[in-house]
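See below for the structure under consideration.
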């Protein structure tokens with residue numbers, strides 16, 4: 001009975017028009033050119049973050065065989081990675097175990113020599129050590145070099161001398177391990193990430209006539225991040241042409257590696273730009289498709305801490321709902337007199353750019369190609385359009401001029417000052433066609 005049922009299933013699977021093959025064809029037809037689905041599968045819930053906004057990875061390891069032995073084999077890294085309370089507890093227990101072990105050793109040596117008898121011998125191994133508590137105190141005083149001057153070792157027992165020498169060596173090794181682990185934990189560049197910030201949202205807007213994905217990074221400290229560079233990856237489930245389902249596929253997002261623009265000089269906040277071209281995983285996504293997409297953009301900032309020369313890595317992520325289509329970041333860098341000023345009040349702020357195309361970059365390229373072959377090509381922008389950055393630059397310039405006029409007691413404004421905006425923002429109000 002069971003064999004017949006299995007044969008029927010096998011024959012049905014070998015038929016050329018079986019339903020499974022049709023399902024695979026339908027699934028393959030719904031994929032983009034890179035094998036990625038344009039949106040979440042119908043009926044499936046949106047997946048959680050793989051990398052949280054604070055940079056922690058939302059990953060939990062289970063069913064690890066021999067996890068404790070593997071961690072103990074790299075004890076120093078384990079001590080550096082654990083929390084401070086567990087680290088202090090571990091080191092306290094280590095010192096206490098060392099004192100107890102050598103205290104027990106000294107007590108056994110004294111007991112075997114007869115120092116604990118009622119009438120003590122005339123030449124004991126340890127002076128003033130007549131109990132286990134006294135032996136424990138002697139071990140404590142020896143390892144910590146307290147030196148009260150009451151208890152001491154004599155030359156009567158070579159074993160006692162050897163035990164004292166061994167404890168001194170073990171104490172030095174333990175002290176070096178503890179000091180090294182504490183210093184390594186204090187100097188970890190992990191805390192440096194607290195002063196490296198990403199913008200809360202990423203934006204999609206036109207830059208140099210191309211749709212670009214942009215986000216902002218900033219350094220809150222005066223100390224620089226040496227050899228700072230950025231990279232990004234797009235995480236999304238993918239189905240291969242062979243039907244293999246990859247739950248979390250990683251694809252690099254180009255942020256200027258070939259041109260060297262991924263290397264940044266992070267003195268003031270910088271906007272990272274990813275040009276959405278034919279090699280971009282976002283090439284076929286418009287505003288509507290982006291809202292329905294199911295992916296996660298992981299952004300990474302790496303560099304060396306100037307004070308310690310240790311490499312640090314700061315991470316964050318953006319979901320499709322955190323990608324603002326048709327927005328730009330407000331400027332944050334201004335010039336005040338002879339100095340430059342960074343106003344972090346505008347760091348996360350964006351403003352909407354009217355006229356941003358809602359189609360995908362692929363459709364935009366196709367339209368541009370058709371317009372190039374057309375005898376009448378209209379310029380998409382308005383010649384009377386004025387940039388928000390220019391307005392903010394001029395307003396800041398006027399505020400600075402008013403402050404200087406108030407200090408100097410003059411109400412007249414010189415033409416040179418009125419014509420020079422003091423904000424480091426794009427000052428071209430018009431964008432001429434190529």
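Each Cβ is built from the backbone N, Cα and C atoms, and glycine gets one as well.
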*Any idea which of 158-185, 186-213, 214-241 is down as transmembrane segment in Swiss-Prot?*
158-185
*transmembrane segment range according to Swiss-Prot, out of 1-27, 28-54, 55-81, 82-108*: 82-108
*Helix, strand and coil residues within the topological domain 'Extracellular' (149-157) as assigned by DSSP*: 0 helix, 2 strand, 7 coil
